[in-house]
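These notes concern the structure reproduced below.
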(Lines of atoms letter the chains of each structure in order from A and count residues from 1; the text may use other names and numbers.)
(Lines give C-alpha, C1' and ligand atoms only; values in the text may rest on other atoms or scores of the structure.)
Protein backbone atom coordinates (compact mmCIF):
# COMPACT_ATOMS: atom_id res chain seq x y z
CA UNK A 1 0.00 0.00 0.00
CA UNK A 2 2.86 2.38 0.87
CA UNK A 3 4.58 1.57 -2.42
CA UNK A 4 1.37 2.34 -4.29
CA UNK A 5 1.00 5.70 -2.53
CA UNK A 6 4.59 6.67 -3.28
CA UNK A 7 4.01 5.78 -6.92
CA UNK A 8 0.97 8.04 -6.96
CA UNK A 9 3.20 10.95 -5.95
CA UNK A 10 4.80 10.69 -9.38
CA UNK A 11 1.44 11.08 -11.10
CA UNK A 12 -1.05 13.93 -11.40
CA UNK A 13 -3.20 13.13 -8.38
CA UNK A 14 -0.88 13.68 -5.45
CA UNK A 15 -3.54 15.53 -3.47
CA UNK A 16 -5.95 12.61 -3.74
CA UNK A 17 -3.74 10.84 -1.21
CA UNK A 18 -5.24 13.08 1.47
CA UNK A 19 -8.00 11.74 3.67
CA UNK A 20 -11.64 11.77 2.60
CA UNK A 21 -12.64 14.23 5.30
CA UNK A 22 -10.65 16.99 3.55
CA UNK A 23 -12.75 19.36 1.42
CA UNK A 24 -12.64 19.02 -2.35
CA UNK A 25 -9.80 20.77 -4.12
CA UNK A 26 -9.32 21.97 -7.68
CA UNK A 27 -6.56 20.43 -9.75
CA UNK A 28 -5.13 23.87 -10.58
CA UNK A 29 -5.12 24.80 -6.88
CA UNK A 30 -3.43 21.57 -5.83
CA UNK A 31 -0.68 22.07 -8.42
CA UNK A 32 0.09 25.58 -7.20
CA UNK A 33 -0.02 24.33 -3.62
CA UNK A 34 2.63 21.70 -4.35
CA UNK A 35 4.99 24.20 -6.00
CA UNK A 36 4.43 26.58 -3.07
CA UNK A 37 5.29 23.72 -0.71
CA UNK A 38 8.62 23.23 -2.50
CA UNK A 39 9.25 26.97 -2.25
CA UNK A 40 8.53 26.97 1.51
CA UNK A 41 10.77 23.94 2.04
CA UNK A 42 13.78 25.58 0.38
CA UNK A 43 13.08 28.88 2.15
CA UNK A 44 13.14 27.14 5.54
CA UNK A 45 16.46 25.52 4.61
CA UNK A 46 17.86 28.96 3.74
CA UNK A 47 16.74 30.37 7.10
CA UNK A 48 18.39 27.44 8.90
CA UNK A 49 21.61 28.01 6.97
CA UNK A 50 21.67 31.64 8.09
CA UNK A 51 21.21 30.75 11.76
CA UNK A 52 24.33 30.63 13.94
CA UNK A 53 22.22 29.24 16.78
CA UNK A 54 21.24 26.17 14.75
CA UNK A 55 24.86 25.67 13.62
CA UNK A 56 26.14 25.73 17.20
CA UNK A 57 23.39 23.36 18.37
CA UNK A 58 24.28 20.90 15.62
CA UNK A 59 27.95 20.95 16.64
CA UNK A 60 27.00 20.27 20.26
CA UNK A 61 24.33 17.58 19.88
CA UNK A 62 25.21 15.64 16.72
CA UNK A 63 27.77 12.86 17.35
CA UNK A 64 30.65 12.56 14.90
CA UNK A 65 29.79 16.03 13.56
CA UNK A 66 33.32 16.81 12.35
CA UNK A 67 33.68 13.42 10.67
CA UNK A 68 30.35 13.89 8.90
CA UNK A 69 31.35 17.36 7.67
CA UNK A 70 34.62 16.04 6.32
CA UNK A 71 32.84 13.11 4.69
CA UNK A 72 30.56 15.36 2.64
CA UNK A 73 33.47 17.77 1.93
CA UNK A 74 31.72 20.69 3.64
CA UNK A 75 34.70 21.76 5.72
CA UNK A 76 35.86 20.77 9.18
CA UNK A 77 32.80 22.31 10.88
CA UNK A 78 30.46 22.37 7.85
CA UNK A 79 31.28 26.05 7.28
CA UNK A 80 30.43 25.62 3.58
CA UNK A 81 26.81 24.80 4.49
CA UNK A 82 26.14 27.98 6.50
CA UNK A 83 26.24 31.70 5.79
CA UNK A 84 25.28 33.84 2.85
CA UNK A 85 27.31 31.85 0.28
CA UNK A 86 25.38 28.65 1.08
CA UNK A 87 22.06 30.50 0.75
CA UNK A 88 23.16 31.92 -2.60
CA UNK A 89 23.90 28.41 -3.87
CA UNK A 90 20.66 26.85 -2.61
CA UNK A 91 18.59 29.71 -4.04
CA UNK A 92 20.53 29.40 -7.30
CA UNK A 93 19.29 25.80 -7.56
CA UNK A 94 15.69 26.79 -6.75
CA UNK A 95 15.78 29.71 -9.19
CA UNK A 96 17.13 27.44 -11.95
CA UNK A 97 14.36 24.93 -11.19
CA UNK A 98 11.58 27.49 -11.66
CA UNK A 99 13.30 29.16 -14.63
CA UNK A 100 13.61 25.86 -16.50
CA UNK A 101 9.93 25.19 -15.91
CA UNK A 102 9.18 28.72 -17.11
CA UNK A 103 10.89 27.92 -20.42
CA UNK A 104 9.30 24.47 -20.53
CA UNK A 105 5.70 25.72 -20.05
CA UNK A 106 5.71 28.67 -22.46
CA UNK A 107 2.53 28.79 -24.60
CA UNK A 108 0.68 25.91 -22.94
CA UNK A 109 -3.00 26.53 -23.59
CA UNK A 110 -4.40 23.08 -22.90
CA UNK A 111 -4.08 20.97 -19.75
CA UNK A 112 -4.24 17.82 -21.92
CA UNK A 113 -0.85 18.37 -23.55
CA UNK A 114 2.17 16.33 -22.57
CA UNK A 115 3.96 19.35 -21.10
CA UNK A 116 0.88 20.18 -19.01
CA UNK A 117 0.87 16.67 -17.55
CA UNK A 118 4.48 17.13 -16.48
CA UNK A 119 3.65 20.51 -14.95
CA UNK A 120 0.72 19.07 -12.99
CA UNK A 121 2.35 15.86 -11.79
CA UNK A 122 5.52 13.83 -11.20
CA UNK A 123 6.00 15.48 -7.82
CA UNK A 124 8.50 13.00 -6.42
CA UNK A 125 10.65 13.31 -9.54
CA UNK A 126 10.49 17.10 -9.32
CA UNK A 127 11.50 17.03 -5.67
CA UNK A 128 14.54 14.93 -6.55
CA UNK A 129 15.42 17.30 -9.40
CA UNK A 130 15.06 20.33 -7.10
CA UNK A 131 17.27 18.72 -4.46
CA UNK A 132 19.85 17.82 -7.11
CA UNK A 133 19.93 21.40 -8.44
CA UNK A 134 20.32 22.91 -4.96
CA UNK A 135 23.07 20.41 -4.09
CA UNK A 136 24.82 20.73 -7.44
CA UNK A 137 25.34 24.46 -6.94
CA UNK A 138 27.88 23.66 -4.22
CA UNK A 139 30.14 22.04 -6.83
CA UNK A 140 30.26 25.04 -9.21
CA UNK A 141 33.92 25.85 -9.96
CA UNK A 142 35.36 29.29 -9.18
CA UNK A 143 32.95 30.03 -6.34
CA UNK A 144 34.11 33.64 -5.84
CA UNK A 145 33.31 34.67 -9.41
CA UNK A 146 29.99 32.84 -9.26
CA UNK A 147 28.93 34.52 -6.01
CA UNK A 148 29.90 38.00 -7.24
CA UNK A 149 27.97 37.58 -10.50
CA UNK A 150 24.98 35.87 -8.90
CA UNK A 151 24.68 38.66 -6.34
CA UNK A 152 23.86 41.20 -9.06
CA UNK A 153 21.47 38.80 -10.78
CA UNK A 154 19.71 38.31 -7.44
CA UNK A 155 19.47 42.06 -6.79
CA UNK A 156 18.00 42.66 -10.27
CA UNK A 157 15.49 39.82 -9.98
CA UNK A 158 14.55 40.75 -6.41
CA UNK A 159 13.85 44.35 -7.36
CA UNK A 160 11.86 43.20 -10.42
CA UNK A 161 9.73 41.07 -8.07
CA UNK A 162 9.04 44.21 -6.01
CA UNK A 163 8.15 46.16 -9.17
CA UNK A 164 5.65 43.48 -10.26
CA UNK A 165 3.93 43.67 -6.87
CA UNK A 166 3.78 47.47 -7.16
CA UNK A 167 2.30 47.27 -10.68
CA UNK A 168 -0.36 44.88 -9.43
CA UNK A 169 -1.09 47.18 -6.49
CA UNK A 170 -1.69 50.09 -8.87
CA UNK A 171 -3.84 47.83 -11.04
CA UNK A 172 -5.79 46.74 -7.94
CA UNK A 173 -6.53 50.37 -7.05
CA UNK A 174 -7.82 51.13 -10.56
CA UNK A 175 -9.85 47.91 -10.66
CA UNK A 176 -11.47 48.70 -7.31
CA UNK A 177 -12.52 52.20 -8.39
CA UNK A 178 -13.72 51.07 -11.81
CA UNK A 179 -15.83 48.26 -10.36
CA UNK A 180 -17.58 50.37 -7.74
CA UNK A 181 -18.00 53.29 -10.16
CA UNK A 182 -19.80 50.92 -12.55
CA UNK A 183 -22.21 50.08 -9.72
CA UNK A 184 -22.81 53.76 -8.97
CA UNK A 185 -24.45 54.15 -12.40
CA UNK A 186 -27.29 51.90 -11.20
CA UNK A 187 -27.43 52.32 -7.40
CA UNK A 188 -26.47 55.39 -5.39
CA UNK A 189 -25.32 53.21 -2.49
CA UNK A 190 -22.08 52.54 -4.38
CA UNK A 191 -21.34 56.29 -4.40
CA UNK A 192 -21.66 56.25 -0.62
CA UNK A 193 -19.35 53.24 -0.35
CA UNK A 194 -16.79 54.95 -2.61
CA UNK A 195 -16.86 58.09 -0.47
CA UNK A 196 -16.60 56.09 2.76
CA UNK A 197 -13.68 53.97 1.52
CA UNK A 198 -11.86 57.07 0.25
CA UNK A 199 -12.36 58.86 3.57
CA UNK A 200 -11.04 55.87 5.54
CA UNK A 201 -7.98 55.51 3.32
CA UNK A 202 -7.02 59.18 3.56
CA UNK A 203 -7.66 59.20 7.30
CA UNK A 204 -5.23 56.30 7.71
CA UNK A 205 -2.63 57.99 5.50
CA UNK A 206 -2.86 61.35 7.30
CA UNK A 207 -2.78 59.67 10.73
CA UNK A 208 0.31 57.68 9.73
CA UNK A 209 2.03 60.84 8.47
CA UNK A 210 1.30 62.71 11.71
CA UNK A 211 2.45 59.81 13.92
CA UNK A 212 5.70 59.42 11.99
CA UNK A 213 6.34 63.15 12.29
CA UNK A 214 5.77 62.93 16.06
CA UNK A 215 7.79 59.81 16.81
CA UNK A 216 10.55 59.85 14.18
CA UNK A 217 11.54 63.51 14.27
CA UNK A 218 12.68 66.00 16.88
CA UNK A 219 13.42 69.72 16.95
CA UNK A 220 17.16 69.21 16.43
CA UNK A 221 18.63 66.62 14.10
CA UNK A 222 16.73 63.81 12.29
CA UNK A 223 17.22 65.63 8.97
CA UNK A 224 16.88 62.39 6.94
CA UNK A 225 13.57 61.59 8.60
CA UNK A 226 12.19 65.10 8.21
CA UNK A 227 13.07 65.29 4.52
CA UNK A 228 11.73 61.84 3.65
CA UNK A 229 8.49 62.22 5.58
CA UNK A 230 7.93 65.63 4.01
CA UNK A 231 8.81 64.47 0.48
CA UNK A 232 6.63 61.35 0.61
CA UNK A 233 3.73 63.26 2.14
CA UNK A 234 4.06 65.90 -0.57
CA UNK A 235 4.15 63.24 -3.29
CA UNK A 236 0.91 61.72 -1.97
CA UNK A 237 -0.74 65.14 -2.05
CA UNK A 238 0.63 65.77 -5.56
CA UNK A 239 -0.71 62.52 -7.08
CA UNK A 240 -4.08 63.12 -5.39
CA UNK A 241 -4.35 66.53 -7.04
CA UNK A 242 -3.24 65.12 -10.39
CA UNK A 243 -5.88 62.35 -10.16
CA UNK A 244 -8.74 64.86 -9.88
CA UNK A 245 -7.29 67.50 -12.22
CA UNK A 246 -9.58 68.42 -15.17
CA UNK A 247 -7.09 67.36 -17.85
CA UNK A 248 -6.77 63.86 -16.36
CA UNK A 249 -10.53 63.59 -15.77
CA UNK A 250 -11.24 64.42 -19.41
CA UNK A 251 -9.09 61.52 -20.62
CA UNK A 252 -9.82 59.13 -17.73
CA UNK A 253 -13.28 59.63 -16.19
CA UNK A 254 -12.69 56.64 -13.89
CA UNK A 255 -9.70 58.29 -12.23
CA UNK A 256 -10.44 59.46 -8.69
CA UNK A 257 -9.36 59.80 -5.11
CA UNK A 258 -9.94 56.14 -4.23
CA UNK A 259 -6.89 55.00 -6.23
CA UNK A 260 -4.68 57.77 -4.84
CA UNK A 261 -5.93 56.90 -1.34
CA UNK A 262 -4.78 53.29 -1.76
CA UNK A 263 -1.40 54.44 -3.07
CA UNK A 264 -1.04 57.00 -0.27
CA UNK A 265 -1.66 54.35 2.41
CA UNK A 266 0.88 52.02 0.86
CA UNK A 267 3.44 54.84 0.53
CA UNK A 268 2.96 55.68 4.21
CA UNK A 269 3.47 52.01 5.11
CA UNK A 270 6.69 51.86 3.06
CA UNK A 271 7.89 55.11 4.63
CA UNK A 272 7.31 53.75 8.13
CA UNK A 273 8.98 50.46 7.23
CA UNK A 274 11.97 52.34 5.80
CA UNK A 275 12.33 54.55 8.88
CA UNK A 276 12.10 51.46 11.08
CA UNK A 277 14.90 49.86 9.01
CA UNK A 278 17.20 52.91 9.12
CA UNK A 279 20.28 52.62 11.33
CA UNK A 280 19.69 54.69 14.50
CA UNK A 281 21.30 58.07 14.97
CA UNK A 282 23.22 58.69 18.18
CA UNK A 283 24.30 61.88 19.95
CA UNK A 284 26.17 62.66 23.17
CA UNK A 285 24.08 63.77 26.14
CA UNK A 286 25.17 66.00 29.02
CA UNK A 287 27.10 63.12 30.59
CA UNK A 288 28.96 62.32 27.33
CA UNK A 289 26.96 59.11 26.85
CA UNK A 290 25.64 57.95 23.46
CA UNK A 291 21.87 58.11 23.25
CA UNK A 292 19.69 57.01 20.35
CA UNK A 293 17.51 59.66 18.74
CA UNK A 294 14.93 59.85 15.93
CA UNK A 295 13.24 56.59 16.96
CA UNK A 296 10.27 56.11 19.31
CA UNK A 297 11.10 54.78 22.75
CA UNK A 298 8.66 51.88 22.51
CA UNK A 299 10.39 50.51 19.39
CA UNK A 300 13.61 49.98 21.33
CA UNK A 301 11.86 47.42 23.52
CA UNK A 302 10.60 45.38 20.58
CA UNK A 303 13.94 43.63 20.16
CA UNK A 304 14.44 42.41 23.73
CA UNK A 305 13.38 38.86 22.96
CA UNK A 306 15.33 38.49 19.72
CA UNK A 307 14.38 34.86 19.08
CA UNK A 308 10.64 35.52 19.41
CA UNK A 309 10.75 38.68 17.28
CA UNK A 310 12.92 37.04 14.62
CA UNK A 311 10.84 33.86 14.42
CA UNK A 312 7.47 35.61 14.34
CA UNK A 313 8.64 38.37 12.02
CA UNK A 314 10.30 35.97 9.60
CA UNK A 315 7.19 33.80 9.46
CA UNK A 316 4.96 36.79 8.72
CA UNK A 317 7.38 38.15 6.10
CA UNK A 318 7.66 34.93 4.14
CA UNK A 319 3.93 34.33 4.49
CA UNK A 320 3.46 37.70 2.77
CA UNK A 321 5.96 36.72 0.06
CA UNK A 322 4.11 33.46 -0.57
CA UNK A 323 0.77 35.30 -0.65
CA UNK A 324 2.22 37.80 -3.13
CA UNK A 325 3.42 34.95 -5.33
CA UNK A 326 0.08 33.13 -5.39
CA UNK A 327 -2.06 36.24 -5.91
CA UNK A 328 0.19 37.62 -8.64
CA UNK A 329 0.19 34.36 -10.65
CA UNK A 330 -3.50 34.35 -11.52
CA UNK A 331 -4.60 34.83 -15.11
CA UNK A 332 -6.12 38.22 -14.24
CA UNK A 333 -2.77 39.42 -12.87
CA UNK A 334 -0.80 38.20 -15.86
CA UNK A 335 -3.29 39.89 -18.21
CA UNK A 336 -3.07 43.11 -16.19
CA UNK A 337 0.72 43.17 -16.60
CA UNK A 338 0.20 42.90 -20.36
CA UNK A 339 -2.31 45.78 -20.33
CA UNK A 340 -5.42 43.64 -20.84
CA UNK A 341 -8.35 44.89 -18.73
CA UNK A 342 -12.05 44.18 -18.54
CA UNK A 343 -14.11 46.88 -20.24
CA UNK A 344 -16.35 49.02 -18.08
CA UNK A 345 -19.49 47.73 -19.83
CA UNK A 346 -18.88 44.17 -18.59
CA UNK A 347 -18.12 45.18 -14.99
CA UNK A 348 -20.49 43.85 -12.33
CA UNK A 349 -20.19 45.84 -9.11
CA UNK A 350 -19.69 43.69 -5.99
CA UNK A 351 -17.98 44.05 -2.63
CA UNK A 352 -15.60 41.18 -3.32
CA UNK A 353 -14.65 42.52 -6.74
CA UNK A 354 -11.40 40.51 -6.91
CA UNK A 355 -13.31 37.23 -7.23
CA UNK A 356 -15.19 36.20 -10.34
CA UNK A 357 -18.97 35.99 -9.65
CA UNK A 358 -19.41 32.57 -11.17
CA UNK A 359 -15.88 31.25 -11.09
CA UNK A 360 -16.90 27.78 -9.93
CA UNK A 361 -19.65 27.23 -12.43
CA UNK A 362 -17.54 25.32 -14.90
CA UNK A 363 -15.31 23.78 -12.26
CA UNK A 364 -17.97 21.28 -11.20
CA UNK A 365 -17.97 19.76 -14.66
CA UNK A 366 -15.63 16.86 -13.94
CA UNK A 367 -15.13 15.51 -10.41
CA UNK A 368 -13.32 12.33 -9.54
CA UNK A 369 -12.82 10.42 -6.30
CA UNK A 370 -9.84 8.14 -6.06
CA UNK A 371 -10.25 6.71 -2.59
CA UNK A 372 -9.13 9.94 -0.95
CA UNK A 373 -9.70 13.65 -1.29
CA UNK A 374 -12.14 14.76 -3.98
CA UNK A 375 -10.30 16.40 -6.87
CA UNK A 376 -12.13 18.84 -9.18
CA UNK A 377 -10.61 18.83 -12.67
CA UNK A 378 -11.25 22.47 -13.54
CA UNK A 379 -8.88 22.68 -16.53
CA UNK A 380 -10.69 20.40 -18.96
CA UNK A 381 -11.57 23.29 -21.29
CA UNK A 382 -8.25 25.09 -20.94
CA UNK A 383 -5.68 26.31 -18.45
CA UNK A 384 -7.00 28.37 -15.56
CA UNK A 385 -3.76 30.33 -15.17
CA UNK A 386 -0.59 30.94 -17.18
CA UNK A 387 1.87 28.16 -16.35
CA UNK A 388 4.90 30.04 -17.67
CA UNK A 389 4.05 33.26 -15.83
CA UNK A 390 3.48 31.25 -12.62
CA UNK A 391 6.99 29.80 -12.76
CA UNK A 392 8.54 33.14 -13.72
CA UNK A 393 7.07 34.83 -10.64
CA UNK A 394 8.39 32.05 -8.41
CA UNK A 395 11.78 32.41 -10.12
CA UNK A 396 11.84 36.09 -9.16
CA UNK A 397 10.55 35.25 -5.67
CA UNK A 398 13.48 32.84 -5.23
CA UNK A 399 15.87 35.70 -5.95
CA UNK A 400 13.94 38.02 -3.64
CA UNK A 401 14.12 35.48 -0.80
CA UNK A 402 17.86 35.06 -1.40
CA UNK A 403 18.50 38.80 -1.15
CA UNK A 404 16.13 39.31 1.80
CA UNK A 405 17.58 36.50 3.93
CA UNK A 406 21.14 37.75 3.30
CA UNK A 407 20.26 41.41 4.09
CA UNK A 408 20.65 42.46 0.45
CA UNK A 409 24.05 44.21 0.20
CA UNK A 410 25.08 43.65 3.84
CA UNK A 411 25.52 39.93 3.25
CA UNK A 412 28.88 39.37 4.98
CA UNK A 413 27.52 40.04 8.48
CA UNK A 414 24.03 38.65 7.82
CA UNK A 415 22.43 36.28 10.33
CA UNK A 416 18.82 35.18 10.66
CA UNK A 417 18.99 36.18 14.36
CA UNK A 418 19.73 39.74 13.19
CA UNK A 419 17.04 39.67 10.54
CA UNK A 420 15.52 42.96 11.73
CA UNK A 421 18.80 44.75 12.25
CA UNK A 422 18.60 48.16 10.61
CA UNK A 423 20.82 48.59 7.55
CA UNK A 424 21.15 51.35 4.97
CA UNK A 425 20.68 48.96 2.04
CA UNK A 426 17.26 47.82 3.28
CA UNK A 427 16.32 51.42 4.05
CA UNK A 428 17.10 52.68 0.55
CA UNK A 429 15.46 49.68 -1.13
CA UNK A 430 12.21 50.42 0.70
CA UNK A 431 12.43 54.11 -0.11
CA UNK A 432 13.14 53.30 -3.77
CA UNK A 433 10.10 50.99 -3.78
CA UNK A 434 8.05 53.86 -2.39
CA UNK A 435 9.10 56.22 -5.17
CA UNK A 436 8.68 53.57 -7.88
CA UNK A 437 5.12 53.02 -6.66
CA UNK A 438 4.40 56.75 -6.94
CA UNK A 439 5.95 56.90 -10.43
CA UNK A 440 3.96 53.89 -11.68
CA UNK A 441 0.68 55.35 -10.48
CA UNK A 442 1.55 58.79 -11.83
CA UNK A 443 2.36 57.26 -15.22
CA UNK A 444 -1.08 55.61 -15.40
CA UNK A 445 -2.56 59.09 -14.93
CA UNK A 446 -0.45 61.10 -17.37
CA UNK A 447 0.21 58.43 -20.02
CA UNK A 448 -3.01 59.26 -21.94
CA UNK A 449 -1.94 62.93 -21.97
CA UNK A 450 1.60 62.16 -23.16
CA UNK A 451 0.42 59.74 -25.88
CA UNK A 452 -3.01 61.05 -26.98
CA UNK A 453 -3.13 58.81 -30.07
CA UNK A 454 -2.85 55.61 -28.05
CA UNK A 455 -5.72 53.90 -26.26
CA UNK A 456 -5.20 53.31 -22.53
CA UNK A 457 -7.55 51.30 -20.32
CA UNK A 458 -7.16 51.08 -16.54
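A Cβ is built for glycine as well, from the same backbone N, Cα and C atoms used for every other residue.
Some features that TrEMBL has for this protein:
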type: TRANSMEM; residues: 33-55; note: transmembrane segment
type: TRANSMEM; residues: 86-106; note: transmembrane segment
type: TRANSMEM; residues: 118-140; note: transmembrane segment
type: TRANSMEM; residues: 152-172; note: transmembrane segment
type: TRANSMEM; residues: 193-217; note: transmembrane segment
type: TRANSMEM; residues: 223-244; note: transmembrane segment
type: TRANSMEM; residues: 256-276; note: transmembrane segment
type: TRANSMEM; residues: 308-326; note: transmembrane segment
type: TRANSMEM; residues: 387-410; note: transmembrane segment
type: TRANSMEM; residues: 422-446; note: transmembrane segment
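In this chain, the transmembrane segment (152-172) does not touch the transmembrane segment (118-140); fewer than three CB pairs sit within less than 8 A of each other, excluding pairs fewer than 6 residues apart. Comparing 152-172, 193-217, 256-276, 387-410, 422-446 for CB pairs under 8 angstroms to the transmembrane segment (86-106), the maximum falls on 387-410. Stretch with the most C-beta contacts under 8 angstroms to the transmembrane segment (387-410), considering only 152-172, 193-217, 256-276: 152-172.
Packing against the transmembrane segment (223-244) from elsewhere in the chain are residues 205, 209, 212-213, 216-217, 255-257, 259-261, 263-264, 267-268, 271, 274-275, 278, 294, 431, 434-435, 438, 441-442, 445-446: each is 6 or more residues past its ends and has a CB under 8 Å from a CB in it.
With a threshold of 8 Å between CB atoms, the same-chain residues lying at least 6 positions outside the transmembrane segment (193-217) that come near it are 177, 180-181, 184, 225-226, 229, 233, 236, 256-258, 261-262, 264-265, 267-269, 271-272, 275, 294-296.
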